[in-house]
Structure formats: structure tokens, C-alpha cells
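S.K.: I have a structure here, written as C-alpha cells, and I will follow up with some questions on it.
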Number of protein chains: 2
Amino acid sequence: MGLKPNSALKASKTLFVLPSLFTFLLVGSQGENTAMDNVATERRAEESHRQDSANLLIFIMLLTLTILTIWLFKHRRFRFLHETGLAMIYGLLVGVILRFGVHVPRNMNNVTMNCSVNASPATLLVNVSGRFYEYTLKGEVSTVKGHDVQDDEMLRKVTFDPEVFFNILLPPIIFHAGYSLKRRHFFRNLGSILAYAFMGTVISSFVIGLVMYGCVTLMKAVGQLGGDFFFTDCLFFGAIVSATDPVTVLAIFNELKVDVDLYALMFGESVLNDAVAIVLSSVLLHYEKQSRQARHGHGETTALVEEQGIPPSSIGAYQPAGDNSHTFDATAMIKSFGVFLGVFSGSLALGVATGVMTALVTKFTKLRDFPLLETALFFLMSWSTFLLAEACEMTGVVAVLFCGMTQAHYTFNNLSPDSQDRTKQLFELLNFLAENFIFSYMGLTLFSFQSHVFNPLFIIGAFIAVFLGRAANIYPLSFLLNLGRKNKIGSNFQHVMMFAGLRGAMTFALSIRDTATYARQMMFSTTLLIVFFTVWVCGGGTTPMLSFMSIRVGVDSDQDSSVTVSDGTQHRNTKHESAWPFRIWYNFDNTYLKPLLTHSGPPLTATLPACCGPLARCLTSTQAYENEGHQHNDDSDELVLNDGNATMYGDVTVSTDASGTLTTNHKHLSASTMGITSEEALDQELAFGEHELVIRGTRLVLPMDDPPEPTMTLPPPPTSPPPFSDPFSDPFSDPFSDPRRNRL
Amino acid sequence: MGLKPNSALKASKTLFVLPSLFTFLLVGSQGENTAMDNVATERRAEESHRQDSANLLIFIMLLTLTILTIWLFKHRRFRFLHETGLAMIYGLLVGVILRFGVHVPRNMNNVTMNCSVNASPATLLVNVSGRFYEYTLKGEVSTVKGHDVQDDEMLRKVTFDPEVFFNILLPPIIFHAGYSLKRRHFFRNLGSILAYAFMGTVISSFVIGLVMYGCVTLMKAVGQLGGDFFFTDCLFFGAIVSATDPVTVLAIFNELKVDVDLYALMFGESVLNDAVAIVLSSVLLHYEKQSRQARHGHGETTALVEEQGIPPSSIGAYQPAGDNSHTFDATAMIKSFGVFLGVFSGSLALGVATGVMTALVTKFTKLRDFPLLETALFFLMSWSTFLLAEACEMTGVVAVLFCGMTQAHYTFNNLSPDSQDRTKQLFELLNFLAENFIFSYMGLTLFSFQSHVFNPLFIIGAFIAVFLGRAANIYPLSFLLNLGRKNKIGSNFQHVMMFAGLRGAMTFALSIRDTATYARQMMFSTTLLIVFFTVWVCGGGTTPMLSFMSIRVGVDSDQDSSVTVSDGTQHRNTKHESAWPFRIWYNFDNTYLKPLLTHSGPPLTATLPACCGPLARCLTSTQAYENEGHQHNDDSDELVLNDGNATMYGDVTVSTDASGTLTTNHKHLSASTMGITSEEALDQELAFGEHELVIRGTRLVLPMDDPPEPTMTLPPPPTSPPPFSDPFSDPFSDPFSDPRRNRL
């Protein structure tokens, strides 16, 4: 399923961090007679390497400058401009300098030759006086428009292959977003988040697409349109500018500690709609490509298929029925929607699968004694998700997002405290570098990009469309959601969500991926302006907006529940506001998945039906029994201190209130009941819900720095067997397992 | 000064992590008539991307497997095989599978065409029916030898461009080596280390070169030589196999806690001789290249020079006088030695310069409040060293080594504790990944490399030569050094150093860099075998060797001095054993550089002459006064607890002995005297040396976990002004500087 939105020519060199570096290792005997050629080639190669280093140095200097300025801003508590906005400004300045200050004329060592090949092959063997050289296709060179900018070697050199963004820079950003998701609040608002992210993004794409189609039609009437611009292009534009950015606003939200529900809604929406937008836009591209192919006749397609050795079915399946590609074709669209679902769920499944595998590996080995090994494993497994998805022709970025969420939800609990810090810090750093790199490149590109098409009418239309699209996403959906939600999304929340829908890295990466046609160039230039505007104006205006809308700030996310408890009417809603699918999931996760994949949760021996006893014993780690029983070791500390998911479990097991009275561990009861019928369990769960929450409210008032050891003195549940001692997994039986001694 | 040892053809694509990804951004209008071509190209590109992902996945799986096995080995305390040896074995297995198990026939989409160009240009413009495509040179394809392996797409794909090693994988390894150097023991043995690393490596290269020349002559006589093998090739081989690897043995040394002096000698030697070998081999290549060029006549050279726009002087300067390049030419050799010194010292200066810059930035900004920013800055600055050196046509790897050492010596003291951990962990991880990647690639390459030349005679000769070369390095130099050293290098130490001279990543990277000629191919294959043998046999035999040679193990590096004190005769030597240049440096560093670049050390106001008072006040941070005076804050803790350099400073200022009697802060006196004549200062230093050492010996008997606060109650030196309060740099005057509150 070839769904990657590559344009024909640019994609010819799909670059990649290391695979791009896989190259032909030179062999063959080398005669002395060509020594002069070699010296010349070598010198050129050295020169090119030297210049590449110098160019990369520019970016590193830019980032260094950004870091120093960010520090100054943070130090002085300036909040009107976020670091990403700053990175853009610096990029802009360097772009101006490169464009107008430096002019390195292009080194014309190229040799032009005519040849009789009918297509441009990816690899070319050139016979130079009896010796064969291999050449790879870099791309088409525009000879029609004689831009003088084009000849500028410097500008040409600082321009990256757009695939760099998808294959190198976006994955760490998206993984970090998934890994740092505050899961408790995310899950509490899951329904609303999914609605905004899926339905909202689709609505927004269509609204923007329609408005832009109107705009383009107007432009054509006025005679302002310099090239083709089809309806599919409009929809594509809608899809790429519908991806909101989780970075800038949320950094501010985080710093100001705004209301956790608002935070969760915005963060969840912006993270997930990136995934939706990327799959949606690739489906649209695919749709367009297939219809283009269809229009060129089946004969040619079959020829292609045979030439490439690709089974015809894999192409035929998505061929739209109609012949004219650029008119809207409902059947093809529905088919494409099927593809969308397939790719999305496939990527999701891959991401979750590698996450689960990592969790199992970290649970059943004692890798936690060696934080370096553990961190390396974690990093490699997370990276392999991306590669696996790309190798299966799914969307790597989407897989990475769900892998990050799974890693955070399960694997994180199995890591040693040292590795927890290391992995968090590693991805934080990678995210920071990648993000600032993208934003400074964005600034640079406004001047260094060589074929901008700025059309005032289109730009104005796009700004209006983006505004309308966002409004059509937020307000109607909020209204519908409020019908179902007990904890309403207030109108001030809606206004902030409307206002703070910034466009960032994903929008940029999607729009720069293909800039081959006039339509795409105009889209790219306009997108750049939209990103600049939203980051500077909306991003900068977020703090005033929050105070204007009188949104609560300074809320500690962990104490939020207790705040909710105090007003008496909302405290029941935390669990109830979620729809039943979530509640089933929540129970299933807590009783089966968490115990299976992590050291936390009740032992599987307690939750699985009796017939699975031996299996359950194999899969339950000794820590789980210890968590259950009287012993208090490091892991139980960890269990309580981890934010988010541990607290979720904490809701259930650590259910003694501050006064020290012991409540029954009702979750276990409900869990073992659930072995019989899940309906009953749910009822029970709901019945206990209220009681539970009051307890949690009380517990959470305690300062979190003080691990509630006394609350761990629960009696073992009646169904749990005596902890059996596995010499392999017991941390106390192995004298060599002391992490201090064996640390690498 | 184009000194990078690129071979003519391979170097044509000098790859690089990101610059390689700088590529031509496609522009130009795209007609509908070529839609079919585009679809075909796109599909090919997708297919290629998919396969690249799959190939990279192989390596990631290999690394994951290695990690899990390492864990098992560490868990079970197997020491006979180090992780790098393990990675090689796995690589070997995958290599066998790829070679004999999978056969993907090469996709013959290449189009062969004859053309009239007389040289192979780096970039080729091909006119395909009126549209121009840009192609880049990948390399020469061997058409002479019709290997069927060559056609295997899979093997071709898993073969990296050798420049990847130099530009991506070696820098983090070498930086980590510099950054993790135990500076105290390193500096104590500096003279010996420099002797082994510089003289030893040169001796070893020549001995190996000569032995190999004998071997090659023999082979020629017997008729075993299948191609040219010149004397310069022999010397080149000597240079590349003289680089010993700091990884494998030292991991074992570290785990066993062997004698610190032995550790320092081996680590220092192996780290520095990597730098020596890389520069030496590139000089040899340069020498060869230049003489080849000279032989082809001056006329052609000038033509080349004019064509390339390179000033003739830059090439002419290294042209050897003789005409026959492959005979030994003394004048050219001496000239090359000058180049060697130039490149080495240039790279060193660049590395130190960026290190110093980072130290200044981290000292004079309060970036330490934001560990993320600080870590990012540190990472970027360290990376920029490499790029800067490459852009200046120095050797990036050497620059990175000295940058690492400078960062560790100065910048590390200015970092917040959080950043200290983060940077150490980050580079530890990068080092781990890069190292295991190289070693598993090494294993893979034994089977996947497509033109091995295994010549039994050459291989036997090489093993003998390597043995002799190592012996000629260690034993004579140790004898000479022992004449000067008070703390003799025992014969058991010498045997261990002889035995444990493993060859690793650097040797491999240098030998794979150029495999174009018969000689280089034979070298590469032989080098591979040498690395395998030394890593498996010598690496595995290190533990038995240590016990056979009755080397002390289980020595705590920090308590070593006290151990030395106990035997009464050696305790004076710690400082005295170093030669006078080191002592001058030591004083200069402590009185000027450390106070200037870090927060530790005596304030500059105390050490600089009075006339520089205002300047000194500007450059001295408040922490320095605090360290000096009565206050006890976080930084003074840090000062004492940091290993290595802090203790070095501790030798001097914190000079109260355990009984609590106060000794004068004589270092300050010597320092201020040094402002007048350095001769006097040295005498004074030597006079105080003995007294000082007894004190240190006593102090170090105290457990290091207990920071010696009472020793900080020194009276401020008479010359120091009252600490003036700079609101910007005073950590207590700024309410926002609390790192907990402002953390990102």
C-alpha cells in the first residue's frame, strides 16, 4: 500500500538518516592512468564536504543563539514570544543574509548530455571511456524559469530534502508528545479529544477546502491564477493546515499551569490531529495520484506494473472509477476513507505492538540493573517502530506517536528510576533540538526557498478559511459534546481553543514535502505565512487571552481532583463523564494489561480465572505480589510516585484515606467478578466509583513528596496465592543484582 | 590543506549526517504529460525507501539482541567475552545469512550510456527528452571482476558509505573518551602517555611498515602478490593498525578496578594514539596523492589547479621533490611531518577553543537554571567543534577528542548537577550505540563486503608485524621512561600493555575508508582479521592475564593515593614524577585558567597582579569568592565531590589536614609570586610540594562521601577584595533563579 505522499520527482531520493548513507562500496581495480581524474574528483568531494560542514555549522550556530536568547527570555520572564517564535526570527535573519548578502555562484562542473532514455531512471550507469560510473537521480532541474536564485550555490546547499523532516526531525517530536502525555487527564477527556481530533480535523479540512475552492474559483475569474489548482489541491491544503501544533501554546499552558482539562483537551487534540492530518493528506495524494494514473489509461498502468514487478492488485485496488481525477468522486473518496482507516489503524497497531514488546522485555529481564542498557533498548525499540511502519508502508510518525503513549503507559513503570529520568531527558533533548531546528529552518526558508508564489488573494482567502475551519471544528463539536458531557466545556474554553490553534512543524513538513507544481508552491508560501502569523500573534497572545477569558491558572495537575471535590457538584464526574467504551477499557487495562505488562497492578493470579492459574503465576512478577502484600520496597514507592498512570492505579489499590481507616480493596473484587460477567463488574465499578473518588480526593491532598507508605499495609486479597520465589526475578536472591555494583 | 584520506572515487560522495541530506529542492513546473514517468519514479523511490527502512531495522534488531545478551552476560558475570565481541559475533551471523541465505537479484533499472566526458563529474545533468535531471556520482562500478555477489541488491544495500564512520559514528565515541578521561591520573602520567601515544605510535607504524614491506617483497618473489603494493601502502597499513582501541579492555579494567596508573597509561595511550594514527595515515595518503600528482607532470597539475580555482601554492607546498612516488622520499617525508604537526595542533587548538568557549558561556550566563537548555548548548557546541574542524579542513575526530577533554576539565564544573548527569548519560548512550553498531557492522562486513582479498602470507606477516610493532612501542619506551620516572612502570604492567593493545573501531574505520585498490582491499581484509583476533582472544584473555601478571585489582581510584602513602616511599612522586612542563601548566591552569573559565579555583582577584584588578573583578564569579571564603553552598560541595580536577584543586586550596590545623594557602603565594618570575614560583612550588602531598595523602584517607566542609574555613587571602554583589550573577538575589521553579 504505497501511501506516502511523495511527489514524483522529489521522492526519487527518499532520504533517511542512515539508509540514505547506505551506498555503493567501491570496488574494482583502479588504474594509474586515471590518477588525474581521481585527484580532481577527490578535490571536488573535499570541497563539497567542507561546504556541507560549514552549512550545517550555520544551523548549529542558529540553535546556539536561540538557546542563549531563550535563556535570557526565561530569565527575564518574557512570555510574549516563545522559543519557537524566536528560532523563526533568527532563521529569518539568516535567510535574509544568505539571500541578499552572500552570493556564491553555482559551480558549473556539470556536464550536460543528451541521451535516449525515455524515462529518468533512479540509477544511471555512465560509461566514461571504458569505465562505468554509477549515478543516482537527485531530481529534475528547472530550466524553464531562469531564476538567478537557482544558481546560488549557498541557497541551494542550505535547502534540505523535505523527507528529512519526516524521517529525522518529526519522529522524536511526535514520540516525545506521546511519551509526555499526561495520561490521567487525557483519558478523562478521551471522548472529547477523539471527537475534536478525528471529526474536527475532517470537518476543518473540508471547510477549508471548500472555502479555498471558492477562493480559487474567484481568482480564476479575476485572472489572478497562474496555474492549475484543482479541488483535490484545495482539500489537500485543508488537510495540511488543519494540523494544530502541540508545542508553543502548551509550553505556555504548562508554565502558567492552566486548568488541566483545558490542557488535556488542547494537548490531546493537537497530538492526535497531527496523526489524522498526515494520514488524511497522504490519502488525498494517493487518491489524486491514482486517478491521474487511471486517466492515463489502463494499458500503461499494466505495463508499469509488469515492469516494476508489483502485483497488479495492489495498484488496482485503489483506482477510482471515474476518469477525470480533479472533479470530486464520491466512490473513490469512500474508498480512500477505507484506506485512511486501514493505514491509521495499522500504524496504531504497529506502534502499540512495539510498545508492548518493550514492556514485556523490560518486565521479564532484569535489565533495570543496567540503566544504560535499558535506555539503549528503549531508544532502539522506539526507533524500530518508525522503521517497521515505514517498511510496512504504514505511516511511521503515527506509529511512533502510539508507541510513545504505550511506552509511557506500560514500559515506563518497568524502568529503573535512573532509566526513567534518562529516557525522559533524552527525548526531551531530541524534541527540543528537532523542534527548534524546524522552526529556525522555517524562518530561513521564507527567503531561501527558490520558488515562492505569494498571491495576496489566495493568502487572504487562506487566513479566512483557516479561521472558519477552526471555528467549524471547535464550536459545533463543543456544543454536541456538551450535550453528553457532565463537566461542560465552557465558552471561555472554546474561545481559547479556537484562538490557540497554532500551526507548526507538522503543517510545515507536510507542505514542504511536495513543492513541484504551481498549486503546491502557492500552498507552501501561504502555509509559511499562516505558521508565522499563528506562532507570533496567537502564540504571543495566549497569555493575555487566558487572563481575558478568566481561565484558572496556577492549577497543580495532581491536586486538581481535590479542588474539584471542594465544590461538591463535580467530584462524581471524573469517572462517569467518560463513556462506557472507555470504562470497559479502563477495567480491562487495570486488571489484565497492566499486571501482564508491568510490575504494577494486582497480580494476574488474582485477576485471571482460576483455570489460568499456572499461566498467571508465570506472568506475574514477584514485585506484583509485593505491591499487593505487606512488603514495602523500592517498586512500591515508584508505583505511587509516578505521575498519571500510577495515580490511576493508585485510585484503586491504595485506597486508605488520610485518617488511616482501611477500606476494602474493592477493585480486586470487581476484577475477580469480572472474570464471570463484565456487565456485573461495570455496575460494581460504577457503584464503587463515588466512594473511591472521595477517598482519592482526600489522599491527593497529602503532599506528593511524601510517599504514602502507611497506605501500603493492605491485607493480601483472599484469592492471591503466597508469593512464590523465582530466583531469577527476585531482586534479593541475586547478590550481583545491586544496581550500584553492576552499573556499566 | 586537503588532508582527508579520501580515495578518488569513494570520496566523491563524502557523506555526512545532515549535510548529505542537503539536496536539491525540486522546483519547476511539471507537465501532465510526464505523469507516467513520475508515477514510475515515485514507486521506485517508495520501494527503495521501504527497503532502506527494512535494512536499518536489521541493524537495530542486531543491537537489541546484543543488548539483551550483554545483559545476560553481565547478569551471569561472564567476562570472557565483551559486548563488542558479542556484537561482532551477531554481525557475523547476520552476514552469513545475508550472504548465503538471501539472494535479492539486483534491480536492473540502470541504463548504460556512453558519453564523451573525459572525467567523471560529481554532478551530471542528463537531458531526457528536453527535461534536465540532476544525477550525483555514487562511485565506480567494477565491471572487470564479474562477482555475482556484486549483483546482490541486499548485500549492496547493507553496505554503508565508509564516511559514515568518520562523520557519524566515531565522533561520539571519541568525544566520550575525552569526556570520561579520569583527568587526575591522566595528568599524573602525562609524560609517559604522550611518549607512548606519539613516539610509540610512530615507532609502531614504521616497524609494522618495514616488516610488511619485507613480507610483500617475499610475496612478490613467491608470486603470491596479485597487484601493486608499494612501500607507502605498507606504512599506511602500519599507521592504521597502530591505533589501539580504548573500549574493550578498559571496560574490563573499569569493572575489575585495576591499578589506576595502569588504567591511566592504557586509556591515555589508546585515546591519543587514535588521534595520532588518524592524522598520520591521512598525511601518508596525502603524501602518496601528491607524489602521484607530481609524477603525472606539473603541466597537468597546473591545469587542474586552474580548473578548480585552488591557489597553486596550497598544492605545490607538499609536492615531494622526487618523481617516483612509491620509493621512500626523505624530504617529502619531513615535509609531511610538518603537515602532520600542523593538522594535529590545528585540530587540537580548534577543539580546545570550542571547549573554552562553552566554558565561558556556561560560566557567564545563568543557563544552569535550565538543564535542558544547558545540555542542548553543550551538545551543540561539542558537535560544532567537529563541523568547524571539518570546514577548516582539519581532522574533526581529533578536534572532538580535545574538545571533550576541555569540556570535562572546565565546562563540567560550570554545569548544574542535573546537566552534569544528563551530558554524561547522553554521551554514554551515544558512545554505546555507535560502538556496538561499528562492531556489529564489522562482523557483518566479513561476509557482506564484496571484494575481500585474503592472502595467507600477508595475514601471517601482518600478525607478526602487529606483534613486533606493539613490542617495539612498549618495551623500549618503557625502559626509557623508567629512567626518568620515579614511579616505575613494572614489567608486569608492560606485559599487560603489550597484550591488551586491541585494535578496534578506529582501525576498522581507517581501513574501510579506502578499498579501491588491490593493496587496500588486502589491507582491509587483514585488518578485519586482526580486529577479530585481538577483540576475541586478547580481549577475552585480559582477565586471566591480569591475574597471571598479579596486577592489583579492586583499587578505588580515589583512595589510591592513600594506598601509595602507606608504603612510604612513593608518596612524594605524585607531583614530582611529572616533568617541569607539566608543572608549569598545572600552576598556570590552577591560578589563571580555572578561575577564568569555571566557578572553582581561587578568585582571579587573588591571582592576577593588582594592576588587573578591575578586569579580574569582572571575570570572577561570586561563587569563586564563596568557594574562597566562609560560605558553604552547593557549589563548594560540587567542587570537592567532582572527581579528578576538583580533587586537583583540592590539593591546593583545601589544604587543612585531618587534625584541623590550618596550613597557609601557599599556592596563592606561589601564584602571586609567579606573576613576577615563573622560575621562582616553580622553586617555591617544588619546595611546598612535599608538604602538600603529605596533607593530601591524609585528607584522602577520609571517606570521599563526606564532603570536607570544615576544611573550607580558610581565611580569605590578603589580596582578595570584599565579595562585591552582582545582582545578575548572585544566585540569591534573583527570586526567579530557583532551578526547581524555572526548570523547563
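Note that Cβ sites are derived from N, Cα and C of the backbone, with glycine treated the same way.
Per TrEMBL, the features are:
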| type | residues | note |
| --- | --- | --- |
| SIGNAL | A:1-31 | signal peptide |
| TRANSMEM | A:55-73 | transmembrane segment |
| DOMAIN | A:66-546 | domain 'Cation/H+ exchanger transmembrane' |
| TRANSMEM | A:85-104 | transmembrane segment |
| TRANSMEM | A:164-181 | transmembrane segment |
| TRANSMEM | A:193-213 | transmembrane segment |
| TRANSMEM | A:262-285 | transmembrane segment |
| TRANSMEM | A:337-360 | transmembrane segment |
| TRANSMEM | A:380-405 | transmembrane segment |
| TRANSMEM | A:426-447 | transmembrane segment |
| TRANSMEM | A:453-472 | transmembrane segment |
| TRANSMEM | A:518-539 | transmembrane segment |
| REGION | A:702-744 | region 'Disordered' |
| COMPBIAS | A:709-725 | compositional bias 'Pro residues' |
| COMPBIAS | A:726-736 | compositional bias 'Low complexity' |
S.K.: Can you tell me which parts of the same chain pack against the transmembrane segment (A:518-539), counting only residues 6+ beyond its ends and a CB-CB cutoff under 8 A?
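M.R.: Counting only partners 6 or more residues beyond its ends, the transmembrane segment (A:518-539) has Cβ contacts under 8 Å with 7, 81-82, 84-85, 88, 226-230, 233, 236-237, 240-241, 245, 248-249, 252, 439, 442, 445-446, 449, 451-455, 458-459, 462-463, 466, 499-504, 507-508, 511-512.
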S.K.: Select the range from A:55-73, A:85-104, A:164-181, A:337-360, A:453-472 that forms the most Cβ-Cβ pairs under 8 Å with the transmembrane segment (A:262-285).
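M.R.: Between the candidates A:55-73, A:85-104, A:164-181, A:337-360, A:453-472, the best contact partner of the transmembrane segment (A:262-285) is A:337-360.
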S.K.: Using a threshold of three or more Cβ pairs below 8 Å, and leaving out pairs closer than 6 in sequence, do the transmembrane segment (A:193-213) and the transmembrane segment (A:453-472) count as in contact?
M.R.: yes
S.K.: Which of A:55-73, A:85-104, A:193-213, A:337-360, A:380-405 has the most Cβ pairs closer than 8 Å to the transmembrane segment (A:164-181)?
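M.R.: Checked against A:55-73, A:85-104, A:193-213, A:337-360, A:380-405; highest Cβ contact count belongs to A:380-405.
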S.K.: What else in the chain is close to the transmembrane segment (A:380-405), if you only count residues 6 or more beyond its ends and a Cβ gap under 8 Å?
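M.R.: Contacts with the transmembrane segment (A:380-405): 1-4, 166-167, 170-171, 174-179, 181, 183, 271-272, 274-275, 278-279, 282, 343-344, 346-348, 350-352, 354-355, 357-358, 361.
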S.K.: Would you kindly list the residues that approach the transmembrane segment (A:55-73) from elsewhere in its chain, counting only those six or more residues past its ends and only Cβ-Cβ distances under 8 Å?
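M.R.: The answer is 81, 83, 86-87, 90-91, 94, 154, 157-158, 433, 436-437, 440-441, 444.
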